[in-house]
């Protein structure tokens with residue numbers, strides 16, 4: 001945070017309060033400043049008899065406090081703007097550098113940080129998310145542990161955040177050592193399906209091509225989900241969660257699940273923050289990126305995903321599934337809006 005400057009009137013007020021016997025800490029508490037600020041001012045007054053700052057070297061500020069306040073209002077309206085765009089919107093008739101813009105942002109305690117991305121939520125999405133959470137607000141762990149959370153995730157062979165930088169001299173942009181070679185569409189990807197619950201982790205399934213309803217039944221539901229659920233008595237059978245993707249909601253899939261006595265959990269659209277499996281995908285993604293040497297082929301990527309899936313521990317999963325009440329409460333507090341999950 002930028003330090004607040006003491007006006008001359010405040011400085012003389014501090015000197016007067018100290019002269020009446022008030023301590024540095026008492027003055028600081030009353031006026032809202034740290035006691036060290038008070039002590040430095042009093043010491044300066046004893047030594048020089050003045051309270052004004054000595055003239056400072058360097059260039060004077062090119063903007064006034066009023067103009068700086070106007071700048072902060074622009075930032076609140078346009079938080080995604082670049083420093084160049086902000087400079088033009090702020091004082092278009094003044095010659096300012098982008099360094100000045102960045103200095104004002106820094107003085108206000110702001111910095112360019114990674115943007116959090118979330119699915120677009122309409123008012124209807126928010127209402128449905130809120131209603132879903134309100135209906136399950138009082139569920140305890142015994143109820144949540146019956147839920148089997150499933151999802152698909154696609155992992156790219158080559159991942160970049162799009163913000164790569166290189167230190168180089170001028171006019172050397174096209175020198176081979178300064179170029180990062182890329183491959184189309186990240187070099188390909190691997191689509192996998194997974195399922196977790198508080199007490200188990202089902203086998204990871206590689207999905208060949210795009211997932212269809214038929215593939216979902218033949219390669220996921222029949223050999224993995226239904227087989228697992230059949231090992232439970234009907235009275236204590238788990239509840240299966242999948243999202244509203246088209247392959248999951250085809251008529252053939254719905255009929256298949258009903259015919260095999262698989263109870264499903266209704267799901268509000270655009271709600272990855274309510275599915276703890278999303279965080280398992282994050283764990284896998286970080287582990288794959290940390291592999292040395294890195295994977296070079298799709299076959300290596302697929303093998304690494306299956307290997308790292310096996311390494312996810314029950315304790316890690318239970319920390320996620322055991323926090324469902326916190327996730328539900330967060331959505332309720334946000335009135336169906338975005339949460340930190």
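Numbering starts at 1 and runs along the chain as displayed.
Positions of Cβ are set from backbone N, Cα and C atoms, glycine also.
Predicted automatically and left uncurated, TrEMBL annotations should be read as such.
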Per TrEMBL record, range annotated region 'Disordered' [choices 6-25, 26-45, 46-65]:
46-65
Give the nonlocal contacts of the domain 'Transposase IS30-like HTH' (3-45) in its own chain as ranges (CB under 8 Å, at least six residues past its ends).
51-52
